[in-house]
Amino acid sequence: MKSLWLDIGNTRLKYWITENQQIIEHAAELHLQSPADLLLGLIQHFKHQGLHRIGISSVLDTENNQRIQQILKWLEIPVVFAKVHAEYAGLQCGYEVPSQLGIDRWLQVLAVAEEKENYCIIGCGTALTIDLTKGKQHLGGYILPNLYLQRDALIQNTKGIKIPDSAFDNLNPGNNTVDAVHHGILLGLISTIESIMQQSPKKLLLTGGDAKLFAKFLQKYDPVVETDLLLKGLQQYIAHYPKD
């Protein structure tokens, strides 16, 4: 069976086409706040793939999701938008109001949560998200500005400091302003993760664009980097979705 999986974020649209659980095509593109228009440009390509179903993770509002739904109707196959539930597939949501939890975080937790295992799941994307699980119970988590948001905020709110692009590659004290900024921001986020990891034993799992960078500084916790974690969560969601 061929399936199309869509991850529609605030700035990017990612898609995977799988056949018998194997990824046969994957792409990610900036959608410039118009994901429906980007999807419209891909629809003919999708139409020739012999797809059987579509699973979607979307952070968009209802109006934009409805536009996405209308475009995908042209493929004439079942479409499922993943949602956050108080309980799903045995996983208990840790939020008081489940709908306030981001669907991307929910799917990442759904992908890995299992009985008798505790996880710390770090999403290294536009924001740094941290979710904790104890068995099949989601415990909630934390959201922090990522490396680049912190740097940009510092630039915008500090007169007289010009900070060019530079690698976040070191935790040592900076010997110049550029290094002091980059090393300080990275140290702050790494220290936050370490503080959480030291509270109780748990497996550390990293996903997102900067996952490998963070893993480099967290080696003592034996981090696992999962590049397609959201896809796995979306597949898990569809596997437990009620059949008509």
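Glycine is treated like the rest: Cβ placed from N, Cα and C.
Features of the protein shown, as given by Swiss-Prot:
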- D7, I8, G9, N10, T11, R12, L13, K14, T126: ATP binding site (BINDING)
- Y95, G102, I103, D104, R105, T177: substrate binding site (BINDING)
- D104: active site, proton acceptor (ACT_SITE)
Binding-site residues Y95, G102, D104, R105, T177: which have a Cα within 10 Å of D7 (ATP binding site)?
D104
Sequence-distant neighbours of L13 (ATP binding site) in its chain (C-beta under 8 A, six or more apart):
L6, D7, A28, E29, H31, P35, L38, L39
What whole-number Å value do you get for the CA-CA distance of R105 (substrate binding site) and G9 (ATP binding site)?
12
Rounded distance in angstrom between the Cα atoms of G9 (ATP binding site) and I103 (substrate binding site):
10
What three-state class does DSSP give T126 (ATP binding site)?
coil
Chain-mates of D7, I8, G9, N10, T11, R12, L13, K14, T126 with C-beta within 8 Å of site centroid, ATP:
A28, H31, P35, V59
